[in-house]
């Protein structure tokens, strides 16, 4: 379906969509998407006379402030009195050493996007090669804004890169109506489908539109070999099994190609997103809980250039991420805590058998064997339950606190059993069950509060001026921002660093 461009309406809030800024940024704040002075009109853009220039939009840009999708495809929640608000599209492309792909990606996006709706492209880059330079060069010929964030510390992997871009797009108050479209840089996701994802979302009134390999008409042909196909299917089954209700309408939760409304991300608080690895759609579907989901089939393509980043390590990160999402609630964490505790009987009994066989008296052997179970439980809890909270304390501090709580459990349980049997006249078995359940709940609460909740940090003393604050930011990994805008004033292209 082809969208026609209506006559623009003035915006009430000022995000301008115009010719590109080929930007490079490092750090946590997004660069301003300033407009490019007139240079080259895209052949698909309407003539200048079709849309009179407005503030921030020089004549010849081909875009005007407030350009909106047609009224035939209204955005749910759009204003009613003054007409629909502008629906902007930010295409977020996470990259890691994709210098061989970005030029072709931008060329194909240019073919798919310009005359359809106002958009910009944001690369969030963790590369060690010259991907940033490749983006800068390719962006000079693009008729839409292109920006880059280069991260010194790639926290969260590919998923963290996507969230970095979303957080920046949501800064500055209430989000504009519009969409984030997420896709890979390797061209396994066809750029021509980008406008169709947004159109389908508006047409169906959906908050999330997933490009699915498993819908009729879709294909996973681009997956290299039977091993990757099997891994992809297994991961899909695991994810849907872990979240049967939330993923009911999602046939391909492992897809990295989708569109989501800005408002849906903002409502869930982008700061609460904690992705791990490359399966960001799963994170968004579970934490943002979009009210309506629709899908479009697509054929997963072969990689255009470079090597796949899918590794066994990424598979392990996915399992850890899936467990973290599944245990996000206190009840789920408590249940998993109990299951892990049950598995601790195995190393406990094995250690007791080995120690008594070696000739150690059963009482000290019982005490030592109990520590085997404690250590086993600690390791599983670290990996499966509180993986995202380990950084708040040193590992030695965590294991010491955990061991103290686990052994204190015995000191509380025995007097409680004695009280229930001697004073309340309960039988030994029911008294033991009650004592076990009581101490289990208390130990879980104490473990979460004393071992894995972050310590309260003291506020840093204020300093006069901003230089000290900025330098501290740089020392702790918050990165400087560099912006470059390509300008064409008739005497040739000039790259300006601001």
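Glycine too: its Cβ is placed from the backbone N, Cα and C atoms.
Keep in mind that what you see is a predicted model, and the values were worked out from it rather than measured.
If you look up TrEMBL, you'll see 1-16, 471-483 marked as compositional bias 'Basic residues'. Among the features that TrEMBL reports, compositional bias 'Basic and acidic residues' is placed at 484-498. Residues annotated as domain 'Glycosyltransferase 2-like' in TrEMBL: 90-265. Look at TrEMBL and you will find 337-451 tagged as domain 'GtrA/DPMS transmembrane'. The annotation region 'Disordered' is assigned in TrEMBL to 1-62, 458-498. According to TrEMBL, the transmembrane segment annotation covers 334-355, 367-387, 399-422, 428-453.
Averaged over the domain 'Glycosyltransferase 2-like' (90-265), the predicted model reaches a pLDDT of 85. Tertiary neighbourhood of the transmembrane segment (334-355): same-chain residues 323, 327, 362, 365-366, 368-370, 372-377, 380-381, 384-385, 440-441, 444, 447, selected by CB-CB distance under 8 Å and a gap of 6+ residues from either end. Residue counts for the domain 'GtrA/DPMS transmembrane' (337-451) by DSSP state, with H, G and I taken as helix and E and B as strand, are 102 helix, 0 strand, 13 coil. For the transmembrane segment (399-422), the list of distant contacts is 370-371, 374-375, 377-378, 381, 393, 428, 430-432, 434-436, 438-439, 442-443, 446-447, 450-451: same-chain residues at least six beyond its ends, Cβ to Cβ under 8 Å.
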